[in-house]
Amino acid sequence: MAKTRGSCCLVNALIAIAFLATAHLCEAGLSQKEQDKVSKLPGQNFNVSFAHYSGFVATNEQLGRALFYWLFEAVEDAKSKPLVLWLNGGPGCSSVAYGEAEEIGPFHIKADGKTLYLNQYSWNQAANILFLDAPVGVGYSYSNTSSDLKSNGDKRTAEDSLKFLLKWVERFPEYKGRDFYIVGESYAGHYIPQLSEAIVKHNQGSDKNSINLKGYMVGNGLMDDFHDRLGLFQYIWSLGFISDQTYSLLQLQCGFESFIHSSKQCNKILEIADKEIGNIDQYSVFTPACVANASQSNMLLKKRPMTSRVSEQYDPCTEKHTTVYFNLPEVQKALHVPPGLAPSKWDTCSDVVSEHWNDSPSSVLNIYHELIAAGLRIWVFSGDADAVVPVTSTRYSIDALNLRPLSAYGPWYLDGQVGGWSQQYAGLNFVTVRGAGHEVPLHRPKQALALFKAFISGTPLSTHENSISRDMSELVSDS
């Protein structure tokens, strides 16, 4: 559980001032970008061909809010490749912990919590990848104003993330005007369209300081509370995880509830459902749970992913290894986290942030309509083994958008095998990934990389669409 840092805010403020002053004095010798360059990480027993940078960008100097980032340049042709911002959700979960260390980043962590290995399916093979821990209180991101940690919400997260991007690109001016995309998962289903909307509005009022946003992609993301609940209850019932009675009660008591702020009555039914489901990994229902962790009961009530990993040797306890690694003082030093600014205990998710989340609209579907009209490339993908924001939830939400289909629904292929299913709509592309859980790149890394490459290039995944379309036409003609 992440600790609140309010008790030592004065000390942190003084450290932050000293830290920034030192950085200013070093400006004559090294730019802030050069100071942020990471030379080598503890436990990295191999060389890499790409540069990477990490550090802080202040989003509110008066209150002392600063967000932590980690940039990985593309393996090849970094100067011509697009920039992609990756966001995890929660709310309150770290993009470094999940996105970088478990999913799409190049550096993954072995079971000893000290040694790194290179992810052969890292997304920086195709783009420059920027991980951001937002809002403050998540990961290494901090505020010197203790009340900030209990006043986060969707609105301020979007505002601070936009401020971060505008200031970050001044530090890395080579990315000004570069094609820019936002990708992420889970509660980032709120963050991503909200930040995209903020960027579009900013661009409309600023010619000189615009961000060249081309599109976004959301995986297993919250989109609409009603449809997310509807699809979730249907999914866990259809797989036989809950009883008919509990299914009926969930629909009755929770069907119109907020996804992250449920009523006491709804929570009681969710507790019953959790007991019936048992100790499985609801983020990946067909893989083993981590028995080394505490009981995973009440998973439907928790915001923090208790995830599992498929790698060369299956290890469902990845979160534990990540927590050990990013608490190491030598790791924090390598990532330019001053001792006085580091959390007393770094954690993958912050309970303080999630439990005090202030604003969360019941739906972001209206933003989808706005951004489709703005001409952004929008893809939505879903791992079909996720029982937190399942594929049924996503399909209900997309159906509610009432978009015109442009292609038949059918399988896409990778190496001759079905990778999942897809359908293109006017303004949106929907893709499922077969066998993947809530964190698609974790369980199906090869398929996820193929999906990502297709998205940023704007090319469809390999399908047998023509034969499917022909079959559908024949059926319509026969009827």
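A Cβ is built for glycine as well, from the same backbone N, Cα and C atoms used for every other residue.
Take the candidates CYS266, CYS317; Swiss-Prot pairs CYS290 in a disulfide bond with CYS317. Between CYS254 and the candidates CYS266, CYS349, Swiss-Prot records the disulphide bond with CYS266. Looking at the candidates CYS26, CYS93, Swiss-Prot gives CYS93 as the cysteine bonded to CYS349 by a disulfide. Here CYS349 (disulfide bond) is compared against the recorded positions SER186, CYS317, HIS438, and the shortest C-alpha distance is to SER186.
According to DSSP, CYS266 (disulfide bond) sits within a helical segment. Considering other CB atoms within 10 Å as the measure, the emptiest surroundings among the recorded positions ASN47, ASN144, SER186 are those of ASN47. DSSP classifies CYS93 (disulfide bond) as strand under the three-state reduction. Across the structure, CYS266 (disulfide bond) and SER186 (active site) place their CA atoms 21 angstrom apart.
Long-range neighbours of CYS254 (disulfide bond) (same chain, six or more residues apart, CB within less than 8 Å of its CB): ARG229, PHE233, SER262, CYS266, ILE269, LEU270.
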